[in-house]
Amino acid sequence: MEGPGTWQGLALVGIVTWICLSSYLNLTHKFRSLVQPWVARQVVGGVPLILQIQKYQNGLLDAFFSGLSCVVSVPFYTAFLPLLFWSGHGRLARQMTLLIAFCDYLGNCIKDVVSAPRPSCPPVRRITATKDEEDNAMEYGLPSSHTLNTVCLSGYLLHYVLSSSGDENASVQYYGFALACLLVALIAFGRIYLGMHSVVDIIAGLAIGVLILAFWLTVNETIDDFITSKQNVSTFWTALSFLLLFAYPTPEQPTPSYEYHTAFDGVALGIVTGVQQTYSQFHHEGAPRIFSPELPVSAYLGRVMVGIPTILLVKFCSKSLAKWILPTVSNALGIPIRSSTYIPKLKLDKEYANAKKTDETKTSAGYLQKLCEFLNQDSFDIDTGIRFLQYAGLAWSVVDLVPSLFSYFNL
């Protein structure tokens, strides 16, 4: 009979095998060379349609579609999810968090594998009303992440509401489905109107989103059961999160996509480890929910007043500790590192890095150096580890530290 850790071990071995084979066979480059030219032609061919749509531009539409894009963006979900956890809807919050992380990982992987351009600006007018949109514009185009995420999250939310309420009224299901479709259509059209995506990006986002949603509706109960009641959860998820950082494909040119994945990879780890440790205390199905006598609105507002400053403090402390601990550990192990943002003194000097191959490093960390060479990297970006731990600490505090404070203050 299979032990509880058998499938976990096989999954991790499978990911390691994929990392080695894809790196050795250069699969990303080969797949990109097949797909990218066709996608690029579709993007160029779609420019006239975008220009036709943008003929009807006005300030009201600019503000509407920019605001709608912000409401369904990853930063918005990141800010909203803690409030959902603290409202007592733990299962919904867990599933939404992991689904966003899954969508973000797959969507950004495909973006960077294909490395297809966005519509050229000019002639297309690109509207980036926020810093987040400016960062999004630096990513590759296919698929549209906003479209993909909206399909998955609106679809799962509709499924959750209907299944939890047990409402089998056909009219309710119809109007719920129609509302979800309307939201997806507005987001998809808005991304074209704003000049952020071409039609082929939108179609890819819709198709991939439907496939991910169908898969998630099949496995979500199993995943939630594993997180809340199985063994080796924290150990397995930590190893999985670490390997996913290496399994991410290398884009044609650097983009912010990997940074987004790293952050949500850390968020998923923090949520899973925190919930697994405190499920019976704070996140079980019988936990008080907002608008109930046990959790009135006044108490919920108190939770928000306590929780928000706490998680921001934890985020700051996690980042500071990571900036101190990771370089120290890396230097002790002889791992070559660099930093592009967080630690200015570690900015890479390529000539120095190529020349620095001392006998001490070769003897004390030979296998680590070989790993760097095998992965085609002269050094590892320490910012990745800092960002990962920062967001893991933030997410852990949302489901473990902050609920403990709620209990202490009778909130």
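Even glycines carry a Cβ here, placed using N, Cα and C.
Positions annotated as domain 'Phosphatidic acid phosphatase type 2/haloperoxidase' by TrEMBL: 93-217. Averaged across the domain 'Phosphatidic acid phosphatase type 2/haloperoxidase' (93-217), pLDDT in this predicted model comes to 88.
Among the features that TrEMBL reports, transmembrane segment is placed at 6-27 (among others).
Sequence-distant contacts of the transmembrane segment (63-86), counting only residues of its own chain at least 6 positions beyond either end whose CB sits under 8 Å from a CB of the stretch, comprise 92-93, 96-97, 100, 104, 127, 129-130, 132-133, 136, 145-146, 149-150, 153, 183, 186-187, 189-191, 193-194, 196, 260, 264, 267, 283, 300, 303-304, 307-308, 311, 398-399, 402-403, 406. The feature transmembrane segment is assigned by TrEMBL to 63-86 (among others).
The annotation transmembrane segment is assigned in TrEMBL to 174-193 (among others). Here the transmembrane segment (174-193) has long-range neighbours at 49-50, 53-54, 57, 61, 64-65, 68-69, 72, 144, 146-147, 150-151, 154-155, 157-158, 161-162, 199, 201-202, 205-206, meaning same-chain residues at least 6 beyond its ends whose C-beta is under 8 angstroms from one of its own.
According to TrEMBL, the feature transmembrane segment maps to 199-219 (among others).
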Other parts of the chain folded back onto the transmembrane segment (199-219), taken as Cβ under 8 Å at six or more residues beyond its ends: 39, 42-43, 46, 49, 99, 102-103, 106-107, 110, 116, 118, 141-152, 155-156, 159, 184, 188, 191-192
Tally of DSSP helical, extended and coil residues in the domain 'Phosphatidic acid phosphatase type 2/haloperoxidase' (93-217): 93 helix, 0 strand, 32 coil
